[in-house]
Amino acid sequence: MTELNFHLLPIISDRFTTTTTTSPSFSSHSSSSSSLLSFTKRRRKHQPLVSSIRMEQSRSRNRKDKVVVILGATGAGKSRLSVDLATRFPSEIINSDKIQVYEGLEITTNQITLQDRRGVPHHLLGVINPEHGELTAGEFRSAASNVVKEITSRQKVPIIAGGSNSFVHALLAQRFDPKFDPFSSGSCLISSDLRYECCFIWVDVSETVLYEYLLRRVDEMMDSGMFEELSRFYDPVKSGLETRFGIRKAIGVPEFDGYFKEYPPEKKMIKWDALRKAAYDKAVDDIKRNTWTLAKRQVKKIEMLKDAGWEIERVDATASFKAVMMKSSSEKKWRENWEEQVLEPSVKIVKRHLVQN
């Protein structure tokens, strides 16, 4: 697998530097021992103040940065909640979706649009050229850590949002070994010792409602130009490779490769016969099935993180998604449900997290 060249990442630059400040110290010289002793005696009555300052400096050095982490299955509303929170708290968002880090396929990967970002800065979103290799969990840990430092240096709160729980664990775990998959055998490999002071919010939706919503979302994505986007992306050489890397793992790419192999995009075929229609429908059905499989896998991993000791607070977005699915329901009703059952509880959780010492 090609290793990613981090010099190609726009988000990583020379401005990510760390300066270390050391306390002044006295050098020990025999000729000045008597004067040093005299100095120590003169300062003795102020020793409690000095000790207090040193203790505070030590606490400051050991204090962990606070971060907010939005978890949830694909389509559950993580991006919306992260932006909603970022407009209420001084925050910037770090993408933790391993597919959305790459340039291109904005519809297929369901990247949040510029309009929906509402001016909130987003990091590690659509910044990596897919031709430069695959971003590993270890590389994400390094890149995202630098972004956290930069955001906190601006006195803002990093909000981490995305569906790749392996990336989330890589960034947050105090002990991280890239050779092991922490989710491979229960929660025994998941680190409960975290590098940051984390506020975890899990946006959850009931299975039946989320399933119906994801089916409809795929249809809406196809209507929005996903098929045309995939036809432009199709590469007959790369699609034939046994192992897929990076953005070529995105749901939609492998599912339509078989279709485009049979009906190449460069050939203008106006007529859609029954065979071509069946091949198209099969690809769409495969996307729906694989999207649902991904959602269930993501929820299982979140439960594993919780079992490992991560203090994850759950907010239920089911009513909001039911309102979206109902044709008779107005947008106002959907927004009311979202704000009452998802946003307001999340704001309270974040406020409590930020005021904790």
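Cβ atoms are placed via backbone N, Cα and C, with glycine included.
As given in Swiss-Prot:
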TRANSIT   1-71  transit peptide
COMPBIAS  20-39  compositional bias 'Low complexity'
REGION    20-58  region 'Disordered'
BINDING   Gly72, Ala73, Thr74, Gly75, Ala76, Gly77, Lys78, Ser79  ATP binding site
In three-state DSSP terms, the structure that Ala76 (ATP binding site) belongs to: coil
CB within-chain contacts under 8 A for Ala76 (ATP binding site), separation at least 6: Val203, Asp204, Val205, Leu210, Ala295, Ala317
Residues close to ATP site centre defined by Gly72, Ala73, Thr74, Gly75, Ala76, Gly77, Lys78, Ser79, Cβ within 8 Å: Gly163, Val203, Val205
Chain-internal residues near Gly72 (ATP binding site), provided their CB is under 8 angstroms and they sit 6+ positions away: Lys78, Gly163, Trp202, Val203, Asp204, Val205, Gln298, Ile302
In the chain carrying Ala73 (ATP binding site), residues 6 or more apart in sequence that have Cβ under 8 angstroms from it: Gly163, Asp204, Val205, Leu210, Leu294, Ala295, Lys296, Gln298, Val299
Fewest Cβ neighbours within 10 Å, where candidates are the binding-site residues Thr74, Ser79: Thr74
Neighbour count (Cβ, 10 Å) for Gly75 (ATP binding site): 24
